[in-house]
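Below is one structure, written out as structure tokens, with a few remarks after it.
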Amino acid sequence: VLIRSYAKLAQLVPLPATVHAPVLLWLVMLLLNMGLLKTLSVCVCVYAPWCGHCRQLEPVYAEAAGKLKKEVPALRLAKVDTTEEKELAEEFEIGSFPTLKMFMNGDRKTPVDYSGKRTVEGITQWMKRHSGPGAPTLDSVKSAAQFIDAHNLTVVGFFHSVDSDEAKAFKEVSLEVTDVEFGLTATPEVFQEYEVKASSVVLFKKFDDGRADFLLPEDGKLEKSNLTTFIAENSMELIIPFSQESADKIFSSNIHLHSLLFINSTVESQKTLLEQSKVVAKEFKGKMLFIVIDVTAALSHVLTYFGVSEEDAPTARVINMDTAKKFSIASEDLTALNLSCCFVSSVLQPYYRSEEIPEDWDKKPVKVLVGKNFDSVTQNSSKNVFVEFYAPWCGHCKELSPIWDQLGEKYADHDDIIIAKMDATANEVEALTIDGFPTLKYFPAGGKEISDVCCGEKTTNFLKWTKSTFITLSPVCLTADIILKITQVECKSKEKRRPG
């Protein structure tokens, strides 16, 4: 559909076959000139200016656009503001933001929904894979050997026919899993060379055992989800070096129990420990991910999260991603036998980070809590405690800070009320999980049920709205009912104000 208000411009200013456009093309121009863009494939991001996820994607998307423009000029990225092009959003049934769709070779009738990772590499690899010729057919031993040798990771499908249903499913998986190379064969000599007797998929890798075999079930049907899981689990090293590149694979894994070994790569004895740990990693493969972190690398955020310093190496931590519980293994216990025993017998005890209690923690209207004094303050049977969980880098927390100070001053003379705050990036509490910043929780006197008040951006909006109401209330007991009543009013008010 041509945007009517720009129809004449499209007729007057046609784009040439090879477009030299800005890094980000506007979808409007794409649609106006679709008939002239037969040589281009364009991925379109439909966004809303108020959407936080859209703002988060924007710099990633721009970098990917620049990279594609340099590497593959026939592949481009575009974007459109749905608040300005509402008809367009309705036509393509845009239900959430951001939504990405790929238009192949000027075909606007059958766009492909983007299903890749929202990273620079993820976007560029997905675009290249979907616009490319697809998985090559390896019709000789020589072509198969060259293909496998050329890549660190290759997935080869061995089928009785490259046009079979299982081969078609294999090709569909190859479009979605873009960080490994795919090829397929139906040539008997290739089967024989790689000792494959029946239809199957083999992942070849230049590390660990060298290959992993995925055998098709007796009915010969290839389930795409099973193959995708097989590739994900077997394309990572037995012990995975942590990096920005490997982080996405680690956190998207179906294995949620992770063991992290912190070593100093410049110390030879610690590198030997890494080799010894492979025995345990092999024993628990499929049950636990094993990750090595070099404390000399630029990974301070990871070290901080686990409470590890460079001087602590070698040391190990285990984390359950489902519960966020972390476990510590002392350096003197870092042997293959002891590690294995710890995991099997579940003797590890969870630990929680805490800063030291400040000497003046209770001297100001807003009390300072850390892990070590949290329970003693919030579980006091005679106190009603209202706590802000914040992050020092959080913009909403900084905006909330002066309001929270005012609240502390308001109730400073009330013996039964405590207004407090805790840096939740440096302190942890066993019974609490903080999912966003800032988070407000109310701990009523007498051990009554804890009340969750607000989390994240809603917290700042809530207290902005209540600044003239909540702070100027007559001195009454701060109760969960009062807090929750105000919160509910604000949340409803905010929903009415939401665009669209």
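Each residue, glycine too, has its Cβ placed from N, Cα and C.
Model, not experiment: these values are computed from the prediction.
According to TrEMBL, the feature domain 'Thioredoxin' maps to 1-132 (among others).
The transmembrane segment annotation in TrEMBL covers 12-32.
For Cys51 (disulfide bond), the same-chain residues 6+ apart in sequence whose C-beta sits under 8 angstroms from its C-beta are Phe97, Pro98. Summarising the annotation, TrEMBL assigns disulfide bond to Cys51-Cys54 (among others).
Feature annotation from TrEMBL assigns domain 'Thioredoxin' to 345-488 (among others).
All protein chains included, Cys397 (disulfide bond) registers 22 other Cβ atoms within 10 Å of its own Cβ. Residues annotated as disulfide bond in TrEMBL: Cys394-Cys397 (among others).
Each residue contributes its Cα atom, and for Cys54 (disulfide bond) and Cys394 (disulfide bond) these two points are 19 Å apart. Sequence-distant neighbours of Cys394 (disulfide bond) (same chain, 6+ apart, CB under 8 A from its CB) are Phe437, Pro438.
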